[in-house]
């Protein structure tokens, strides 16, 4: 019985994730089209909504070609590793208080570790294809991912310092008074730039410059294993948008509804309206709206900025973002201890 | 000209699918926890107490205010002596 | 214009650095605000009327009355 419940819970997280992966691709094409004064895909389904499924069907029906000298096992293992570890990050995401698949006490570390392992899939896929272009692409991509992960984890350290917990739900719940965007605005900007680079998106998509080059580490991957990479890429985009909204925007909490509750002093009433508003104040729809806005900003950034050179990419990471992050790593604990601000939850063991 | 509505339709579907999935997960979790909200950030003490409550009441989230342990409680302790490795 | 040296013309060097290396320059400023905040914020906090909390007791207080030590149980 508990196995069936676990499977249902897993499906309830994975299926919406994959559906939204499909619709993120179509929304990316539609939004970019409208920003470039084009129509975009409009043939398949109403307003081209089913374009993603048509693309997936085309890719699945294609003949796959594996290079003769490739290491076949690693060649097929790479995409699988990338996709599985991109989807494993959804394990610790809270959709509402107490609504999660797995309640790790170290949930944030779990997310970070899983996204770090996904790098191995890229490395394996690029190396095993036995092609110069794939290999160089995977080296670039790995260097980029490892560099920018440093920034993400340093910013995460400060969030953990302020909230006093590594548990994802505790981090969200401690933003009931004010979302961490306000005290940590510069770090949010750094984190957002880092997360764009971490997901290999434009303007940091050196590894697979979609619009000009062959596609980096997945040059030799075709047909259905390419679908795996594609799904993994967009799943990690949504995951990192969810992470952004959890860390800085209060996740499933609705700050507006909370302020309405406190303004109208509704906290003591027990009417249907109050029950309704307390359900809305912490419900999955808030997380979904915040995540969609961030995904839109990802697409907006892609449509707006030109691609930067690889040395610029690395120097932005090590000489611009990292000094700022380290400055805040020094400043913030000093301010916290100077003002005797207690972390919201003292539950770090 | 801003973004036309048809570019925002997929976002509506994303929001809808996440909301439906999250609400379904909430319902399943609540049903699995016998109508109570699931506990989160449990440490070792919490898990031990929940396990003791399971042994006392026989259900997953049941709690008892009876100060006498039910019959058989002293025998239902699942703790085992660690196996010697060598 | 050549790059100004820090030791000969510090102010010019700082101006040059804030223009040419803004990220590192302002990072150093923000980071060095940390120790200053550590020293400067507690007096400011007390001046604004905040009272330091009592220190957390690390052991039980010693009882006031006379204490009797049991005897005769040790190995003599």
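Placed from the backbone N, Cα and C atoms, the Cβ positions cover glycine too.
Lifted from TrEMBL, the feature list:
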type	residues	note
TRANSMEM	A:6-27	transmembrane segment
TRANSMEM	A:39-60	transmembrane segment
TRANSMEM	A:72-96	transmembrane segment
TRANSMEM	A:108-130	transmembrane segment
TRANSMEM	A:150-170	transmembrane segment
TRANSMEM	A:177-197	transmembrane segment
TRANSMEM	A:213-231	transmembrane segment
TRANSMEM	A:238-261	transmembrane segment
TRANSMEM	A:273-301	transmembrane segment
TRANSMEM	A:313-341	transmembrane segment
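Same-chain residues lying 6+ beyond the ends of the transmembrane segment (A:213-231) with a Cβ under 8 Å from its Cβ atoms: 18, 21, 25, 56, 59-60, 62-67, 70, 75-76, 79-80, 82-83, 86, 122, 125-126, 129-131, 133-135, 137-138, 140-141, 207. Listed as Cβ neighbours of the transmembrane segment (A:39-60) (distance under 8 Å, sequence separation of 6 or more from its ends, same chain) are residues 22-23, 25-26, 29-30, 32-33, 223-224, 226-227, 230. Only residues 6 or more beyond the boundaries of the transmembrane segment (A:273-301), in the same chain, are considered here, and those with a CB under 8 A from a CB of the stretch are 24, 27-28, 31-32, 35, 95-97, 99, 192, 196, 199, 201-203, 237-238, 241-242, 244-246, 249-254, 257-258, 260-261, 266. Using the rule of three or more Cβ pairs under 8 Å, pairs at least 6 apart in sequence, the transmembrane segment (A:72-96) is in contact with the transmembrane segment (A:238-261).
Same-chain neighbours of the transmembrane segment (A:150-170): 92-94, 97-98, 100, 103-109, 111-112, 180, 183-184, 187, 190-191, 194-195, 198, 246-248, 251, 317, 321-322, 325-326, 328-329, 332-333, 336, 342-348, counting only residues six or more beyond its ends whose CB sits under 8 Å from a CB of the stretch. Counting C-beta pairs under 8 angstroms (sequence separation of 6 or more), the transmembrane segment (A:177-197) reaches the transmembrane segment (A:238-261) with 3 or more such pairs.
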